[in-house]
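See below for the structure under consideration.
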């Protein structure tokens, strides 16, 4: 049986179709989910894609968090369903309290769009098992509100429990994708929940799945092959 991975479309989503294509390339079946529907159509996992849902009014992800579909996503995530939040999806996950912390405006107050160097910190989640811990990858990044923040106690907890999933790689030229692009505390690019089934990150793996587009690399494809293997072997 083919694994079914749902992709939610909110008003203002930009990358839902790209995410569906990435899922298909990985060998799973993408399933379109609408923000007004509570029915997840018997999917095995869910992706909240990037974009500017509801125009980022009030706060990025704050309105989407109350969409009817999110009631079911929150319930299922707490029961163990794998959920991935990409960019705006990450913002929604923090607003829904499925992941700790919050996303604020970039420290330089500008929209940023570039290829970004990341280091895999946790390769034991539902979405990262096809990577190796310490592996460095290139993933496109595009955001205005990408600065991850949390209080020191939460940051220390994430570090101690190995819940920092990805970190921006510093120490090189920005033109080569190095550096913290938005002022995220402790260079955090992505985190996971305690169970490892919910992951959020700001960069866009769905834009790095084919060699002819994006970075010219396929460094984002393991997100989708990781979850496929987990679902098939469950």
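From the backbone N, Cα and C atoms, a Cβ is placed for every residue, glycine too.
Annotated active site, nucleophile per Swiss-Prot: 87, in sequence order. Annotation source Swiss-Prot lists active site at 204, 206, citing sequence analysis. Look at Swiss-Prot and you will find 4-234 tagged as domain 'Glutamine amidotransferase type-1'.
There are 30 other Cβ atoms within 10 Å of the Cβ belonging to residue 206 (active site). The number of other Cβ atoms within 10 Å of the Cβ belonging to the residue listed as 'active site, nucleophile', over all protein chains shown, comes to 28.
Cβ environment of residue 204 (active site): 15, 18, 50, 86, 87, 139, 140, 141, 142, 220 lie under 8 Å away, each six or more residues apart in the same chain. Averaged over the domain 'Glutamine amidotransferase type-1' (4-234), the predicted model has a pLDDT of 95.
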